[in-house]
Ligand SMILES: O=C(CO)COP(=O)(O)O
């Protein structure tokens, strides 16, 4: 179902004490403020159970940063969908660009991970986006099309409605260089049109598409105001309550 979402991807940051502090600040913020969007965090896997305890009434959705495509077994270092379900995690990021760059993940992996999550009733936040040289060569639409089709188009209409897509142009991640609101809208509208062509407009209108890449307090509102942008996946600015809360408030008019 289409929702406004602000999700914080903590990546590999924070000691346990620091993570507990930020979770406590976020809980306090949620208790004292009405937000016009759902708020999710994806802390390091080690802290997922703590996050579920802190946000025990579902104040903030708790997501893993990655999940295995396999059900169980000899996959050292991996976390399964059953494990996530067993702590009542809400879902997982899938194929973030850093998983693609440093761990060789492809959209075929993404496809199996998305399916595994959906089969357990968990929400995938599927990440895609072009690299700088692809953007410079004007190939961003083609790249995003291939990614989206390979990762998602084996799903049924009912399944794809439950997927959250995060368009994160790689050149905008952690660089301070944000896509303009127009650039984000253009690609988001394109992704939605791909889904509409395959599954119909009604289905496409149900899918939440988030933008990620150097979203900050001062640009969030403009980006979120675009018709096909349903929120953001936030990296660096999710690590401080002052910044993250201002980004959440990008949805307050
Ligand atoms: O990769 C991102 C979120 O998943 C974006 O990171 P930054 O917000 O730090 O650019």
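Glycine is treated like the rest: Cβ placed from N, Cα and C.
What TrEMBL records for the substrate site is 9, 10, 11, 214, 235, 236, and among 58, 174, 200 the residue it adds there is 174. You'll find the Cα of residue 9 (substrate binding site) roughly 10 Å from the Cα of residue 96 (active site, electrophile).
Sequence-distant neighbours of residue 174 (substrate binding site) (same chain, 6+ apart, CB under 8 A from its CB) are 214, 235, 236. In this structure the C-alpha atoms belonging to residue 10 (substrate binding site) and residue 168 (active site, proton acceptor) are separated by 15 Å. Within 10 Å of the C-beta of residue 96 (active site, electrophile) there are 29 other C-beta atoms, taking all protein chains into account. A distance of 10 Å separates the Cα atom of residue 11 (substrate binding site) from that of residue 96 (active site, electrophile). Residues 9, 10, 11, 174, 214, 235, 236 make up the record's substrate site, and a Cβ search at 8 Å around their centroid adds 173, 234, 237, 238, 239 from the same chain.
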